[in-house]
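A quick write-up on the structure given underneath.
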Amino acid sequence: MFGKKNLKWLGVVATLMMTFVQLGGALVTKTGSADGCGSSWPLCHGALIPEFFPIDTIIELSHRAVSALSLLMVLWLVITAWKHIGYIKEIKPLSIISVGFLLLQALIGAAAVIWQQNDYVLALHFGISLISFSSVFLITLIIFSIDQKYEADELYIKKPLRRLTWLMAIIIYCGVYTGALVRHADASLAYGGWPLPFHDLVPHSEQDWVQLTHRIMAFIVFTIIMITYIHAVKNYPNNRTVHYGYTAAFILVILQVITGALSIMTNVNLIIALFHALFITYLFGMTTYFIMLMLRSVRSDKQ
């Protein structure tokens, strides 16, 4: 059960499960299904199996079930990884972070159901779950990198790219928070057309300000990632890990911008909105991978 041969498929399945947790949370918010089980948690309308199953109850129950299964899968993964590849420096802290933030995510979700938190607190939920996802994602990448197909262990990242990548990570996380706030504040269609309502640029409500703030953050995110991408491919042309990694990040942010624009143009089409959540999830995951490589470079400086 905890054999080393299970590591790769466990990593893939756990990463996919965490992806479904992210998408499930976005689906709950987008469809207004957060109250699908009333104010009961972990029960649903005070029962293990509710008497009626309207669509919002099905969505909320499904999200809870996937979250519970993902916790079990992540526990299985981290125990196996700790046992067999715990000698790799990042495995143990990533294991603790992945489980810890997954539990914290569940507690915040439960608090939101029971005590009805305000939008600014609820917006933290997606960001916290994103940290848990990224930790699982990194464990999986480490498992596959043991084969050293891309020689990532020998990669040395210089200070200019390190600074840009740290800035990129911080800006992305701020953008994630504002995006989650847009969903929770029901501001997806606020502040007129995209990219700006040129006929009336002045925000007139809190929702307008939330939406405008997110658009500004999205523009900053795109700009920083584009600058970082150009720097990376220009200065590391022969390193496949950097070249492919930052290229993938740039493609993901382009897709993120496109789906963000289409969400507004289509009056928040659900499929497009879920792709919007998917792209930012993997963009942040890629960014945390760059940070892990950077920290290895910092350690090599000290040796």
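Cβ atoms are placed via backbone N, Cα and C, with glycine included.
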(message) Going by the topological domains annotated in Swiss-Prot, do PRO93 and LEU161 sit on the same side of the membrane?
(response) yes
(request) Quick one: which of CYS44, CYS174 does Swiss-Prot link to CYS37 by a disulfide? (result) CYS44
(message) Which residues of the chain, 6 or more past the ends of the transmembrane segment (68-88), have a CB below 8 A from one of its CBs?
(response) 1-4, 6-7, 10-11, 13-14, 17-18, 20-21, 95, 98-99, 102-103, 106, 132, 136, 139, 142-143, 146
(request) Provide, as an integer number of angstrom, the distance between the C-alpha atoms of HIS63 (heme o binding site) and HIS276 (heme b binding site). (result) 18
(message) Cβ neighbours within 10 Å, counted over all protein chains: which one of the binding-site residues HIS125, HIS276 has the most?
(response) HIS276
(request) Ten-angstrom check, please: count other Cβ atoms within 10 Å of the Cβ of HIS214 (heme b binding site), all chains counted. (result) 26
(request) Please list residues from the chain of GLU60 (active site) whose Cβ is under 8 angstroms from its Cβ, counting only those at least six apart in sequence. (result) VAL28, SER33, ALA34, ASP35, GLY36, CYS37, CYS44
